[in-house]
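Per Swiss-Prot, these features apply:
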type: BINDING; residues: Cys26, Cys62, Cys96; note: [4Fe-4S] cluster 1 binding site
type: BINDING; residues: Cys170, Cys174, Cys177; note: [4Fe-4S] cluster 2 binding site
type: COMPBIAS; residues: 412-438; note: compositional bias 'Basic and acidic residues'
type: DOMAIN; residues: 17-133; note: domain 'MTTase N-terminal'
type: DOMAIN; residues: 156-392; note: domain 'Radical SAM core'
type: DOMAIN; residues: 395-466; note: domain 'TRAM'
type: REGION; residues: 409-438; note: region 'Disordered'
type: REGION; residues: 492-516; note: region 'Disordered'
Amino acid sequence: MFNDIESHRVPNVGQGRSFEVRTFGCQMNVHDSERLSGLLEEAGYHAVADGEEPDLVVFNTCAVRENADKRLYGTLGQLRSAKEKNPRMQIAVGGCLAQKDKDTVVAKAPWVDAVFGTHNMGALPSLLSRSEHNKRAEVEIVDSLEQFPSVLPAKRESAYAGWVSVSVGCNNTCTFCIVPSLRGKEVDRRPGDILAEVQALVDQGVSEVTLLGQNVNAYGVNFSDPDIQRDRFAFSKLLRACGKIEGLERLRFTSPHPAEFTHDVIDAMAETPNVCPQLHMPLQSGSDKVLKEMRRSYRSKKFLGILEEVRAKIPHASITTDIIVGFPGETEEDFQETLNVVEKARFTSAYTFQYSPRPGTPAADYADQVPKEVVQDRYERLLALQERISTEENAKLIGTEVELLVQASGGRKNDKTQRMTGRSRDGRLVHFDPQGHVDGDIRPGDVITTVVTEAKPFFLIADSGVLQHRRTKAGDMSAAGKVPTTAPVGVGLGLPSIGSPAQKRSETSKSSGCGC
């Protein structure tokens with residue numbers, strides 16, 4: 001059962017104090033940090049001004065990336081002197097690394113004031129208050145989810161694009177991954193709560209939403225009533241329901257799992273106009289032997305079959321992936337099989353990682369670890385292959401018209417080139433010349449159309465000028481320096497029939513109660 005979130009509420013504990021949240025890791029952590037920011041503002045804190053030292057620094061940590069612990073403790077060491085100069089300064093550590101190293105964070109960095117985990121973000125204000133009162137570090141790590149993060153308010157990072165979690169946790173047992181042990185088994189939100197959160201974002205001008213889950217297409221696997229069997233069509237139904245939300249122009253999701261990626265989801269993608277023609281489908285390895293050792297419950301033939309069906313129904317879909325190089329026991333033959341699959345798959349881009357052992361995962365104890373110099377060589381060969389493919393695939397778009405959602409941050413050379421940056425519907429970044437048929441200043445969140453003139457491996461260039469410019473509510477928000485805030489949305493675990501969200505749901509759902 002979920003605990004009462006009101007027990008952690010400490011009104012005005014941060015009154016007059018500034019805060020900064022520093023995020024390491026994945027999109028889940030980025031979205032969790034939005035919740036932490038909303039929670040802290042509710043407790044009276046305010047975001048620190050640029051160039052000033054915050055009174056509170058919160059680290060939302062990652063345990064997946066290589067050297068995550070070194071990065072955290074190195075940064076904590078740098079803050080030690082700042083805290084000595086300002087005794088009222090507080091430091092909190094949360095997230096996956098805190099969940100994993102619950103017994104060692106304070107031992108390694110005794111100047112930390114509060115430690116919390118992935119399951120109890122809502123406890124942070126209470127921990128900070130107790131730490132200040134008791135003059136000691138307060139550590140509270142729980143082993144099961146206290147409540148969905150969605151019951152916390154959120155201060156969004158973007159005026160035009162928002163994250164919405166559909167679930168927490170993961171039921172897979174990949175031998176290289178520590179996430180399930182840190183975030184627990186999968187638990188799914190009610191469709192009505194998800195739709196209410198999407199609607200609340202759209203009402204404030206957000207035009208693009210990304211649905212988040214560790215295994216997003218397994219949505220619907222775990223209901224509050226154990227007698228209710230899983231609805232294997234739940235995610236496709238959710239996509240179609242989001243398609244009916246007026247004002248939601250772009251819908252994305254990440255990350256799916258190939259083993260559970262079904263025909264109905266592909267059909268929903270193809271038949272729902274606001275679902276973007278983009279798919280991130282993690283491969284991890286092209287070797288069936290390595291996939292078996294990873295406990296990835298699919299093989300390369302199935303993976304390529306999914307891509308073939310997606311492209312048959314969504315001809316211009318952009319497909320990206322994740323690949324691990326140098327998994328224990330990977331031979332040169334295994335690696336060649338990965339290269340062969342990459343050649344056949346024609347990914348738009350690939351996030352490639354050199355395998356490194358993660359303590360607490362089965363693969364960390366495998367005897368046949370691949371030498372680092374071999375891993376590096378294979379990694380460079382894979383990068384070279386994917387860069388060639390990316391360039392070839394991007395070159396096919398030269399001369400085509402693209403619709404871009406203008407981004408707040410762009411290319412490193414934009415100041416020099418006077419270009420701006422937008423993201424196309426298929427997820428590609430495009431640096432464009434902002435001259436042409438424009439309606440006043442082009443702001444982040446506005447929508448423009450232009451023609452691609454040049455292709456690079458990691459982005460496109462459009463120097464043909466703007467053909468159309470549509471000013472948006474998100475652009476107005478960006479120009480005013482504002483971002484959306486979303487109120488708590490209930491924690492329901494059931495899966496009733498999907499319907500339209502209640503108009504006031506996101507404004508009135510303040511408790512841990514359920515309801516669609």
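Just so it is clear, glycine is given a Cβ too, placed from its N, Cα and C backbone atoms.
Shown here: features listed in Swiss-Prot, placed on the structure.
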residue : record                          : CB count, 10 Å
Cys26   : [4Fe-4S] cluster 1 binding site : 18
Cys62   : [4Fe-4S] cluster 1 binding site : 21
Cys96   : [4Fe-4S] cluster 1 binding site : 27
Cys170  : [4Fe-4S] cluster 2 binding site : 21
Cys174  : [4Fe-4S] cluster 2 binding site : 21
Cys177  : [4Fe-4S] cluster 2 binding site : 20
Considering only the binding-site residues Cys170, Cys174, Cys177, which residue has the minimal Cα-Cα separation from Cys62 ([4Fe-4S] cluster 1 binding site)?
Cys177
What Cα-Cα separation, expressed in whole Å, is found between Cys26 ([4Fe-4S] cluster 1 binding site) and Cys177 ([4Fe-4S] cluster 2 binding site)?
13
Measuring Cα to Cα, how far is Cys170 ([4Fe-4S] cluster 2 binding site) from Cys96 ([4Fe-4S] cluster 1 binding site) in Å?
14
Near the compositional bias 'Basic and acidic residues' (412-438), which residues from the same chain, at least 6 beyond its ends, have a CB less than 8 A from one of its CBs?
250, 252, 276-278, 316-318, 320, 348, 394, 397, 402-406, 448, 450, 452, 458-469
Using the centroid of the Cβ atoms of Cys170, Cys174, Cys177 as reference, list every other same-chain residue with Cβ within 8 Å of it (recorded [4Fe-4S] cluster 2 site), in sequence order.
Asn172, Thr173, Phe176, Ile178, Val179, Pro180, Gln214
In angstrom units, rounded to an integer, how far apart are the Cα atoms of Cys174 ([4Fe-4S] cluster 2 binding site) and Cys96 ([4Fe-4S] cluster 1 binding site)?
17
For the region 'Disordered' (409-438), residues assigned helix / strand / coil by DSSP:
4 helix, 10 strand, 16 coil
For the domain 'MTTase N-terminal' (17-133), residues assigned helix / strand / coil by DSSP:
56 helix, 23 strand, 38 coil
Indicate whether Cys177 ([4Fe-4S] cluster 2 binding site) is helix, strand or coil by DSSP.
coil
What does the structure give for the C-alpha distance between Cys96 ([4Fe-4S] cluster 1 binding site) and Cys177 ([4Fe-4S] cluster 2 binding site)? Integer Å is fine.
12
